[in-house]
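Participant: Below are the structure tokens for one structure; questions will follow.
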């Protein structure tokens with residue numbers, strides 16, 4: 001039995017070799033969010049996977065979400081959240097909490113976890129060097145931004161110096177005002193600006209499924225041309241819609257592939273990138 005197990009491991013390594021070669025020195029933007037940020041075992045394997053990507057010669061860039069940290073900190077500060085059309089209204093007091101949670105707690109923790117694997121990670125804000133510039137999305141939403149420009153030089157310099165950037169989705173707004181940015185939008189915009197090979201959205205679901213309650217109906221590949229059709233058919237719905245729209249924007253903007261994976265599955269990143277069958281849904285440009 002031990003010999004069989006060793007043989008299987010060898011076969012997995014051999015299978016991964018073609019993908020390691022293909023993605024060598026390619027930029028991969030990873031949107032890291034959902035339960036994978038709070039489940040300790042999931043966090044551990046995601047960090048291990050990112051470290052492996054770096055060690056096999058890829059250039060990972062991480063854009064993180066807020067997880068429960070923002071809500072917990074708002075509650076601690078006694079700040080009540082209000083919503084407009086399903087989006088959180090962000091006033092100045094809330095913005096200070098958002099920035100505190102993202103740049104003061106979450107990003108430094110991800111950075112420390114990667115550094116523990118001897119990966120040179122650095123936590124940055126989209127405001128740094130005016131890398132992520134934005135205007136107000138809607139005055140009724142307060143300090144919520146819509147990205148107008150990504151200046152990639154800062155990120156490219158970090159990658160050239162062998163760092164893994166961990167980006168908080170806070171943008172440089174008018175007069176230097178901090179603006180809260182949807183992390184999916186930040187991820188696809190950064191992937192496009194960096195001409196990344198891949199954008200990977202780490203979520204809590206396996207990917208796009210024909211039947212939301214039946215994992216065996218996972219759709220492994222989706223052409224961007226079919227996304228509107230799948231939305232109209234109700235196959236893509238709810239929180240999956242903005243993720244597929246982010247993938248569409250990325251792929252149409254020059255990113256080769258966008259992947260949606262379940263970060264609570266151990267080593268989902270490795271399975272998706274380095275195996276033939278993958279583990280999630282890959283979005284690609286129509287032929």
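Glycine residues also receive a Cβ, built from the backbone N, Cα and C atoms like all the rest.
Pasting the feature list from TrEMBL:
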BINDING   66, 67, 88, 180  substrate binding site
DOMAIN    26-262  domain 'Aspartate/glutamate/uridylate kinase'
SITE      31  site 'Transition state stabilizer'
SITE      243  site 'Transition state stabilizer'
Participant: Report the member of 31, 88, 243 (the recorded positions) whose C-beta atom has the most other C-beta atoms within 10 angstroms.
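Facilitator: Per the Cβ count, the most surrounded site is 31.
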Participant: Out of 66, 67, 180, which has the highest number of nearby Cβ atoms, where nearby means within 10 Å of its Cβ, if these are the binding-site residues?
Facilitator: 180
Participant: Specify all same-chain residues, apart from the site residues 66, 67, 88, 180, whose Cβ lies within 8 angstroms of the center of the Cβ atoms of the substrate site, ordered by sequence.
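Facilitator: So the extra residues in range turn out to be 65, 70, 71, 98, 101, 102, 183.
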Participant: Helix, strand or coil at residue 180 (substrate binding site), per DSSP?
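Facilitator: Going by the DSSP assignment, residue 180 (substrate binding site) falls within a strand, counted as strand.
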Participant: Return the average pLDDT for the domain 'Aspartate/glutamate/uridylate kinase' (26-262) as a whole number.
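Facilitator: A mean pLDDT of 94 is what the predicted model shows over the domain 'Aspartate/glutamate/uridylate kinase' (26-262).
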Participant: Among residues 66, 67, 88, 180 annotated as binding substrate, what is the maximum Cα-Cα distance? Answer in Å.
Facilitator: 14
Participant: What whole-number Å value do you get for the CA-CA distance of residue 67 (substrate binding site) and residue 243 (site 'Transition state stabilizer')?
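Facilitator: So the alpha carbons of residue 67 (substrate binding site) and residue 243 (site 'Transition state stabilizer') sit roughly 16 Å from each other.
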Participant: Look up residue 88 (substrate binding site) in the DSSP assignment and report helix, strand or coil.
Facilitator: strand
Participant: Expressed to the nearest Å, what is the distance separating residue 88 (substrate binding site) and residue 243 (site 'Transition state stabilizer') at their Cα atoms?
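Facilitator: Each residue's Cα considered, residue 88 (substrate binding site) and residue 243 (site 'Transition state stabilizer') end up 18 Å apart.
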